[in-house]
Amino acid sequence: MSDKPSLVWLREDLRFDDNPALRAAADRGAPTALLYVLDDETAGEWKLGGAQRWWLHRSLEALQKDVEKFGGALILRRGDAEEQVADVAEKLSAGAVYWNRRYMPWQVEQDKAIKEALSEDYEVESFNGRLLNEPWEISTKSGDPYKVYTPYWKQVQQRDIRDPLPKVQKLDTPGSLPSSDDLEDWDLLPTEPNWAEGFEEVWTPGERGARKRWLDWLKSEGSEKYDEHRNRPDLDDTSKMAPHLHFGEASPITLYREMQEKIEDGEIPEAHGQSYLSELAWRDFSYSLLYHFPRMLDEPLMGKFKEFDWDKDDEAFEAWTKGRTGYPIVDAGMRQLWHEGHMHNRVRMITGSFLVKDLLIDWERGMKWFWDTLVCADPASNTAGWQWVAGCGADASPFFRVFNPVSQGEKFDPDGDYVRRWVPELKDMPTKHIHAPWDAPKDVLKKADVTLGETYPKPIVDHSQRRKEALERYQAIK
Ligand SMILES: Cc1cc2nc3c(=O)[nH]c(=O)nc-3n(C[C@H](O)[C@H](O)[C@H](O)COP(=O)(O)OP(=O)(O)OC[C@H]3O[C@@H](n4cnc5c(N)ncnc54)[C@H](O)[C@@H]3O)c2cc1C
């Protein structure tokens, strides 16, 4: 064993538990430095959005505390990762450089280049710390990537997922350390206005926050009845692990294996537990699509949609982003997104469908808005989610299946509680009319203190007309 220090380049794996790169460093035994590089230049238009920058700041603060507890040293650098990693490795006089893999096309290229450049002077190794199965590990009989989820999931179920690696609890700190940026200087937190106040109420970024959320959720009705509750935004009962998974504060392997144990022990009913495992595998499936079809980041997977005649209605787009479309379930979702940096999955589908099929605005604009505002914004799941909603992706909902925002609201928010929470102007509307206030009799509106067009917007489009229009435009590209 060389006593030259190990350098672990952390990216979307900000944790000590089940972290293969960090584990390799701990097993190597030499003092260890952890490096995080904020590389906006290489990421270009995929640099972290506003909500994620808030998360990253809080997560790195939490990581620093863990480093103080478990040892090692955290070095922060900003700029081109290729230069920064090489510089830190050299100044540290490192013997080994380890990291866990990433899957965006430019990240794959960057990692290859760095590996090649560093391999001459250091031991360099990369690992899977992000997915249950890597994109190349699951394929059809003819060796092609899956484009349909069900057979993909069947294959995942036939494979063993390894046990989580033991948590790294002790690292030695290198004697002399290369310089580090001050996190505060990165200006990741919003100031004027501080739009992230609502985030602080909901989230605790960092590995400990992730663990607590997971254990609390496992004890709650949300996990016991997951498959029943997962479509109900009013119940707010899903695990909310997405941002923790995105930043790698929780390992999908740990969650998967622990859920399997709960099923085996009879603590979580099989159907509900399996449903959760299947959602974790959807995350992998999205990564598999991204890896094999990287063009999906900025073009529809179904080529014919390149010709679709989208509207460029900026006013309607703004009404959508601000939750002022006049459709209560859509507005509730968009306001939840702004306030919490999160939106329930069912409502992501409803708001997405409304943008694409009612406002006839290109899904890419919606995807970019989500990219900036979601704390869990993820290139694979966000792009795959939007292409699914727009009907132009792999295994997508067909374009002609247009969500009706009123009946979706009535079905999935049956008592109107989700709308009342996020659209307080409608809090006194009776349930019968809360999803379509424009149909309510005048005396009902008066009693609820609602004046359409004043206290709450009139619908900005007529759903049935726009549905017809959307289908006509679809015919033109079919
Ligand atoms: C238009 C659109 C955009 C989306 N953008 C993102 C995104 O940027 N980042 C993101 O993580 N998810 C995205 N999703 C998927 C899904 O909405 C979120 O993962 C989920 O709402 C997160 O809440 P949760 O952690 O409580 O989920 P839970 O229901 O508790 O699910 C557990 C985990 O499974 C994974 N998962 C669940 N549903 C999906 C799905 N449909 N696709 C992929 N993984 C899934 C997530 O990692 C999630 O944390 C998007 C979906 C749509 C329709």
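Using the three backbone atoms N, Cα and C, a Cβ is placed for every residue, glycine included.
TrEMBL: automatically predicted annotations, no manual curation.
Since the structure is predicted, the reported quantities are computational estimates derived from the model, not experimental observations.
Listed features, source TrEMBL:
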BINDING   Y226, Y276  FAD binding site
DOMAIN    4-132  domain 'Photolyase/cryptochrome alpha/beta'
REGION    166-187  region 'Disordered'
SITE      W310  site 'Electron transfer via tryptophanyl radical'
SITE      W363  site 'Electron transfer via tryptophanyl radical'
SITE      W386  site 'Electron transfer via tryptophanyl radical'
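TrEMBL feature annotations superimposed on the structure.
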residue	record	Cβ contacts under 8 Å, 6 or more apart
Y226	FAD binding site	D237, T238, I268, H272, G273, S275, Y276
W310	site 'Electron transfer via tryptophanyl radical'	L360, I361, D362
W363	site 'Electron transfer via tryptophanyl radical'	P300, G352, L355, V356, W386, Q387, V389, A390, C392
Would you count the other C-beta atoms found within 10 angstroms of the C-beta of Y276 (FAD binding site) for me?
24
Give the subset of the recorded positions Y226, W310, W363, W386 lying near ligand 1, defined as CB under 6 A from any of its atoms.
W386
How many of the residues that make up the domain 'Photolyase/cryptochrome alpha/beta' (4-132) does DSSP mark as helix, as strand and as coil?
64 helix, 29 strand, 36 coil
Measure from the Cβ of W386 (site 'Electron transfer via tryptophanyl radical') and count the other Cβ atoms within 10 Å, all protein chains considered.
27
For the region 'Disordered' (166-187), the DSSP residue counts stand at 4 helix, 1 strand, 17 coil
